[in-house]
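This report refers to the structure that appears directly beneath it.
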Amino acid sequence: MSKYPLIVRAVEWVDGKVRWINTNLLPYEELYEESQDHERIARAIESMEIRGAPAIGVAAALAIAATALKFSNINSVDELKDIISKAIERLRRTRPTAFNLFWALNRISNVLSRNYSSVEALRKAIVDEALSIYHEDIETNIKIGEIGEKLIDDGDTILTHCNAGALATAAFGTALGVIRAAWYNGKKIKVIATETRPVLQGARLTVWELKKEGIPVTLVTDNMVGYIMYKGLVNKVIVGADRILLDGFVINKIGTYSIAIIAKRHGVPFYVAAPTSTIDPVSSINDIVIEERNANEVRYIMNKMLITMPDVDVLNPAFDVTPPELVTSIITEKGIIEPPFRENIMKILSL
Ligand SMILES: CSC[C@H]1O[C@H](OP(=O)(O)O)[C@H](O)[C@@H]1O
């Protein structure tokens, strides 16, 4: 039982089904959906109804568990393994950058690789592993919050980018988890949220979450960050991450790199809050696939208003790369990682 109110849950497990809030509709509408169909859940991840690295990993794992239960009529271990393998491959193809997706699916694949005396034993092992991933996510976020809030001073104004909150995890959030923990521990903090074009996760999701909980938040456009840092209005920056490499490269929402450069220029600490399940211990920076999303996300503001000519060429990289020299420290559930990152990440991962 958490000592914090878990007011918002992006992804839940309800009676053998995956239940999620459609974040594309917020703050205009709070629509929840439920499904046992991994294809429907895969589409929810691709369309960003479900988004945020940890939430994507949890949703994918729960989608596999729901699939195992959906095919309750299958009595053959090999037949169920084949169905589950196909579902895992479909979910792997949803989004290429967030490491938590692959971390979660690899955990389920490891369960699948074992021998089982009955199909029921296999089904139970899959569901148990997926539910562990789900519950661990919430516990991990709270640990990140409680470790990270020690870096927050009473009276701080904290800038955050995109949404690394309860709407990006199973609950509580990572960057917003640190902010929540500081708030509930009595620190009078304020948040500045960037709108985060093109999909406006900051303006729509971070603002919605924090206002729902009464945490003071001010919205700024992405191009205001330089000005507000120049004016000395920001004490700290805290962002989430989609993938962190051993050398400390941080892959996160497009615009993060620009904020990190401005923070460095103005001597503002730049923190990254993420579970160790976001750390990719294998890839090098040249292996990373930065997701290129549909051009209409840039041409339109959330499908509400045309802002450019429909036939104009568009670039729409969903993420960028912040090099380690711009990162002050990485807040994880196992502790705060400071430079030299490779040495200290390997230590915290016991590699
Ligand atoms: C703790 S969420 C991590 C990360 O995921 C978000 O990306 P998206 O909204 O495209 O799924 C954003 O980069 C967050 O910082």
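Each residue's number is its place along the chain shown, starting with 1.
Quick reminder: no glycine exception, Cβ is built from N, Cα and C everywhere.
Taken from TrEMBL, the feature substrate binding site applies to ARG51, GLY52, ALA53, ARG95, GLN201, ASN252, LYS253. The site 'Transition state stabilizer' annotation in TrEMBL covers CYS162. For ASP242, the entry in TrEMBL reads active site, proton donor.
Look at ASP242 (active site, proton donor): DSSP puts it in coil. Taking the mean position of the Cβ atoms of ARG51, GLY52, ALA53, ARG95, GLN201, ASN252, LYS253 as the substrate site, the remaining same-chain residues with a Cβ inside 8 Å of that point are ILE56, ALA98, CYS162, ASN163, ALA164, ALA168, GLY240, ASP242, ALA318, PHE319.
A straight line from the CA of LYS253 (substrate binding site) to the CA of CYS162 (site 'Transition state stabilizer') spans 7 Å. Between the CA atoms of ASN252 (substrate binding site) and ASP242 (active site, proton donor) there is a gap of 5 Å.
Checked against the residue listed as 'active site, proton donor', the recorded positions ARG51, GLY52, ALA53, ARG95, CYS162 differ in C-alpha distance, with ALA53 being the nearest. Taking all protein chains in view, 25 other C-beta atoms sit within 10 angstroms of the C-beta of ARG51 (substrate binding site).
Under DSSP, ASN252 (substrate binding site) is assigned to a strand (E or B) in the three-state scheme. Within the same chain, residues at least six positions away from CYS162 (site 'Transition state stabilizer') with a Cβ under 8 Å of its Cβ are ALA168, THR194, THR196, GLN201, GLY202, THR206, VAL239, GLY240, ASN252, LYS253, GLY255, THR256. Per the record's binding annotation for substrate, residues ARG51, GLY52, ALA53, ARG95, GLN201, ASN252, LYS253 show a top Cα-Cα distance of 17 Å. In this structure, ALA53 (substrate binding site) is part of a helix by DSSP.
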